[in-house]
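Taken straight from TrEMBL:
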| type | residues | note |
| --- | --- | --- |
| TRANSMEM | 12-29 | transmembrane segment |
| DOMAIN | 18-442 | domain 'Major facilitator superfamily (MFS) profile' |
| TRANSMEM | 97-118 | transmembrane segment |
| TRANSMEM | 124-145 | transmembrane segment |
| TRANSMEM | 157-179 | transmembrane segment |
| TRANSMEM | 185-206 | transmembrane segment |
| TRANSMEM | 244-268 | transmembrane segment |
| TRANSMEM | 288-311 | transmembrane segment |
| TRANSMEM | 323-343 | transmembrane segment |
| TRANSMEM | 349-371 | transmembrane segment |
| TRANSMEM | 383-404 | transmembrane segment |
| TRANSMEM | 416-437 | transmembrane segment |
Amino acid sequence: MAVVPFFYVPKRVIVAIMLFMMCLINYMMRVNLSINIIAMVTDRDENGTLVEQPDYGVRYDWSQQDQALLLGGYFYGYMITSLPGGTLAEMLGGRNVAGYSCLLGALLTALTPAAAAWDKYAVFALRFLIGLVSGVVYPCCHNLVSKWSPPDEKGKFVASLMGGTFGTVITWPLCGLIIEGIGWAWAFYIVAAFVVVVVGLWFYLVTDTPAQHSSISIKEREYIENSLGSTLGNKSKWPPYSQLIFSMPFWALTLLHYGSMWGLFFLITATPKFLSEVLGFNLSSAGFLSSLPHIARLLAAFGFGSVADWIRRKGWWTLTFTRKFFCIPSHILPGIMLIVLAFCGRDPYVCVAIMTISLGFNGAATSTNLANSQDLAPNFAGTMYGIINCLGTTPGIFSPLIVAAFTQNKNTIDEWFWIFVIGAAAYILPAIFFWVFGSGKIQKWNEVQTTEPKEDVVNTKL
């Protein structure tokens with residue numbers, strides 16, 4: 001019998017950490033342009049006269065509509081590959097699909113300054129391609145969660161996918177400092193180099209299943225496999241698309257995810273611009289303050305995920321009721337805070353505080369829309385997340401265009417009133433729909449007709 005070393009670190013913990021890092025670098029490539037573009041463009045006053053700006057490198061005369069197009073370019077590509085991303089992971093393995101996609105994304109990120117010197121449409125093409133190769137990452141991560149996470153650790157495992165939030169947290173202030181120190185071009189180069197390092201660790205430490213891991217203990221492998229019961233099949237299956245289309249729990253999840261992504265992508269694409277141009281913060285301060293809501297979301301994600309796991313272990317609530325209850329902090333309260341912001345957002349620091357509270361509560365998404373695909377169909381968690389994420393990506397396209405439309409002629413807090421109200425509705429209405437039609441039960445089209453996950457192995461875990 002193999003002896004487990006005293007210092008043995010459970011391999012599922014290492015996998016969870018690497019999932020966190022993979023999501024982190026995915027978001028670093030996604031959000032860096034949101035703050036870099038402030039240093040890349042000229043600024044004009046109401047009379048059309050150029051405003052004097054710090055020298056961070058070459059500046060381009062791109063209009064608000066041009067900037068909205070470039071900020072949305074990533075999401076056009078992301079939406080395309082997010083859809084088949086889960087199926088690719090289920091057929092080819094999440095490890096390789098996610099790893100190689102991020103390597104390609106790093107190369108394209110490093111080419112962005114050269115593209116900007118050529119033409120704004122070259123930047124759009126690069127952003128589209130970065131989104132195209134990145135769209136598979138989150139479905140791949142959900143596929144790996146379904147293989148590595150015991151049911152009573154699901155909340156914490158899904159919370160590891162909040163690495164993207166931490167990627168936003170560090171990218172904006174980091175890029176702000178890099179831009180002010182050595183210019184905006186290096187904010188692309190340094191991000192690309194970091195991505196390459198993380199991908200190298202990913203390939204070294206991660207496997208698609210516990211059974212494939214060369215150094216996992218027998219005890220840990222058996223614990224994971226036994227806890228999952230027979231909800232996971234051993235062979236790749238073609239996803240049941242026809243049954244998904246007619247599943248109300250699936251559509252309830254889709255709308256819930258859409259609402260959450262609207263709030264998230266709005267803050268990702270618009271917050272640095274709002275803080276810098278409307279509230280008057282300088283670039284490095286805007287980068288730091290823009291990250292505060294995402295810090296709150298990250299911390300809340302692990303907190304709410306742990307609470308949901310604890311409730312599940314205690315058996316106090318059904319899984320369906322748990323998912324619906326946590327919609328209150330994940331969707332209802334963020335929506336209410338955006339309404340408060342629309343009416344009370346006059347003081348700059350009050351605005352930052354309200355935005356931080358709003359997105360912080362949305363960290364409870366680890367117990368609602370981010371976890372529900374694992375509940376409904378563990379065999380097809382990657383495919384389901386790919387579909388809902390494909391649709392959930394469209395706010396990344398629409399929100400910059402909406403902001404540009406409302407602020408085309410004037411960019412003050414008054415123009416942002418309806419932007420915040422729209423965001424509030426996008427949070428609250430899907431939650432109400434999920435309360436009526438959502439579910440936490442494994443669906444028949446999961447295609448495994450045996451037992452539910454075993455709950456009697458909690459005390460044997462390593």
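Cβ atoms are placed via backbone N, Cα and C, with glycine included.
Curation does not apply to TrEMBL; its annotations are automatic.
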For the transmembrane segment (12-29): best-contacting stretch of 97-118, 185-206, 349-371, by Cβ pairs under 8 Å: 185-206
Sequence-remote partners of the transmembrane segment (185-206) [C-beta within less than 8 Å, at least six residues beyond its ends]: 14-15, 18, 21-22, 24-25, 28-29, 32, 35-36, 57, 95, 98-99, 102-103, 105-107, 109-110, 112-113, 144, 171, 174-175, 178-179
Long-range environment of the transmembrane segment (383-404) - Cβ separation under 8 angstroms, sequence gap at least 6: 64-65, 67-68, 71-72, 74-76, 78-80, 82-87, 90, 135-136, 138-139, 142, 239, 244, 250, 253-254, 257-258, 260-262, 264-266, 268-270, 273, 369, 373, 376-377, 419, 422, 426
Best-contacting stretch, by C-beta pairs under 8 Å, relative to the transmembrane segment (97-118) and drawn from 124-145, 323-343, 349-371, 416-437: 124-145
Cβ pairs under 8 Å between the transmembrane segment (323-343) and the transmembrane segment (124-145), at least three: no
Highest-contact recorded stretch vs the transmembrane segment (157-179), from 124-145, 288-311, 349-371, CB pairs under 8 Å: 288-311
Contact set, same chain, for the transmembrane segment (124-145): CB under 8 Å, 6 or more residues outside the stretch: 15, 19, 22-23, 26, 29-30, 33, 69-70, 73-86, 88-90, 94-95, 97-98, 101-102, 104-105, 108-109, 111-112, 115, 154, 157-158, 160-161, 164, 206, 208, 373-374, 381-386, 389-390, 393
